[in-house]
Amino acid sequence: MTATPKPLVLIILDGFGHSESPDYNAIYAAKKPVWDRLLATQPHGLISGSGMDVGLPDGQMGNSEVGHMNLGAGRVVYQDFTRVTKAIRDGEFFENPVIAAAVDKAVAADKAVHILGLLSPGGVHSHEDHLVAMAQMAARRGAGKIYLHAFLDGRDTPPKSAQPSLERLDATFAGLGKGRIASIIGRYFAMDRDNRWDRVQAAYELIVDGKAEFTADSSVAALEAAYARGESDEFVKATAVVPAGAEAVRVEDGDAVIFMNFRADRARELSRAFVEPAFKEFPREQAPQLAGFVMLTQYAASIPAPCAFPPEPLTNVLGEYLAKHGKTQLRIAETEKYAHVTFFFSGGREEPYEGEERILIPSPKVATYDLQPEMSAPEVTDRIVEAIEQQRYDVIVVNYANGDMVGHTGVFEAAVKAVECLDTCMGRIVEALDKVGGEALITADHGNVEQMEDESTGQAHTAHTCEPVPFVYVGKRKLSIREGGVLADVAPTMLTLMGLEQPAEMTGRSIVTLG
């Protein structure tokens, strides 16, 4: 086989979609000479990263976990969101043996069922339809005490949009004639993923001990008070919902706890606080002996709790296939997206493959990334340039977090700076590749930074989008790019560029035609 250019670098610009509209489009507003030059001189197109094209419901915006799964698998991966929704529609959810075992054990002892999860129609980490179904299931199975501990979104949804979701669940419980919302707290606390354990502690103590900074007699009153304090949904402080004559809800021995987030990365820390016997990240006043703690999906193999929807193994994903062919690969990202470029890109596998190395660059310790829109991109780029110069790797996969993480802040000026930083970083990579004769593919996992304001409300747009994402070839070869590509087509494209045959399990189609 003739030698192919080396290395082949896959650059994933997280949250970097394409919008025809210049309005509140941080990419359009940024000074980006490198990006402009690439689009003027290199083969490029657009590919889809949302909806059915990535195994999500129609019209559902893509996200980082889903995007990286599809990119690495080389096939459309049927997402947990869709699996759970389908199980609810088919009725299988209500007989799920793992959830049923925990609920039935609590019911038999006249104990409570606690439902945890992000109460949101966002569909990124959870969906409120699933929380409604869980409340219905608990009631059907005879639970008299059903409590929802609602984590509020404002990140994958508009910043102040929780009220309809709270009202919907209040109505669900009213219709069941039992159960209620017991607490609300922003996802900033309950769903940390960066080992900021003081945040997780606030959520744990609210749920388990009923310890809250604030109390209110209804969920909507709790939310209104938070807004009056200047908090948006994501940052709502621990609030116990205590109707007149009631007490703050606590988790007691013999209760069942069901965590209804389907995405793993932001559910791990709180889960560990509940179930790890030797948990030491913060002191727990109470560690109740539960009838069961159920993860909706497997948040991590190391968490000692059952999951209702275990992973469906993927074989011959890109990383595995490269290893089988004796190829070397480097995965690199900063903390915020490290799991995506390793665990998710490898189809849900924690361990590196043979010949795979990983570099984790710490994300800056700032409260929100608009305060440092460059994040750790320059340091990530230093290591990539070094790796390209060494010519040790056949493939380098890198994630740049800026577009997504700064996009989520809703701060337009910071998002523009993030894009300008990315442009500089891409310039350094392209220059390094030019010197060694390497190639790159530049794409994204989903959109975000190209829409920074919600046109209908005038609020900051902090969520992902359904826009297509760019696909750019960087190199010396003559090739053409077809239209209609999806994220699942990227891995087959890489194999085409490397001269490797595509395995049968990869059902994606190469986006490029050589020659």
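First residue shown is number 1, and so on along the chain.
The backbone N, Cα and C atoms fix where each Cβ goes, glycine too.
Remember, predicted model here, so these are calculated numbers, not experimental data.
Remark: Asp14 (Mn(2+) 2 binding site) has Ser64, Lys337, His340, Asn399, Tyr400, Ala401, Asn402, Gly403, Asp404, Met405, Ala444, Asp445, His446, Asn448 as non-local neighbours, by Cβ distance under 8 Å and separation of at least 6 in sequence. DSSP assigns Asp14 (Mn(2+) 2 binding site) to coil in the three-state reduction, placing it in neither a helix nor a strand. What Swiss-Prot lists as Mn(2+) 2 binding site is Asp14, Ser64, Asp445, His446, and the listing cites sequence analysis.
In the three-state DSSP scheme, Ser64 (Mn(2+) 2 binding site) falls into the helix class. For Ser64, the entry in Swiss-Prot reads active site, phosphoserine intermediate, with the evidence type sequence analysis.
Counted within 10 Å of its Cβ, the other Cβ atoms near Arg266 (substrate binding site) come to 21, all protein chains included. Feature annotation from Swiss-Prot assigns substrate binding site to His125, Arg155, Asp156, Arg187, Arg193, Arg263, Ala264, Asp265, Arg266, Lys337; the stated evidence is sequence analysis.
The Mn(2+) 1 binding site feature in Swiss-Prot is assigned to Asp404, His408, His464. Just so you know, the Cβ of His408 (Mn(2+) 1 binding site) picks up 24 other Cβ atoms within 10 Å once every protein chain is counted.
Put plainly, the binding-site residues Asp156, Asp404, Asp445 were compared by Cβ crowding within 10 Å, and the winner is Asp445.
Distance between Cα atoms for Ala264 (substrate binding site) and His408 (Mn(2+) 1 binding site): 19 Å, as a whole number. Taking the Cβ of Arg193 (substrate binding site) as centre and 10 Å as the limit, one finds 15 other Cβ atoms among all the protein chains shown. Ranking the binding-site residues His125, Asp156, Arg266 by Cα distance from His408 (Mn(2+) 1 binding site) puts Asp156 first. Here the CA atom of Arg193 (substrate binding site) lies 19 Å from the CA atom of His464 (Mn(2+) 1 binding site). Apart from Asp14, Ser64, Asp445, His446, the Mn(2+) 2 site neighbourhood in this chain, defined by C-beta within 8 angstroms of the site C-beta centre, holds Ile12, Gly15, Gly49, Gly62, Asn63, Gly67, His68, Lys337, His340, Asp404, Ala444, Asn448, His464.
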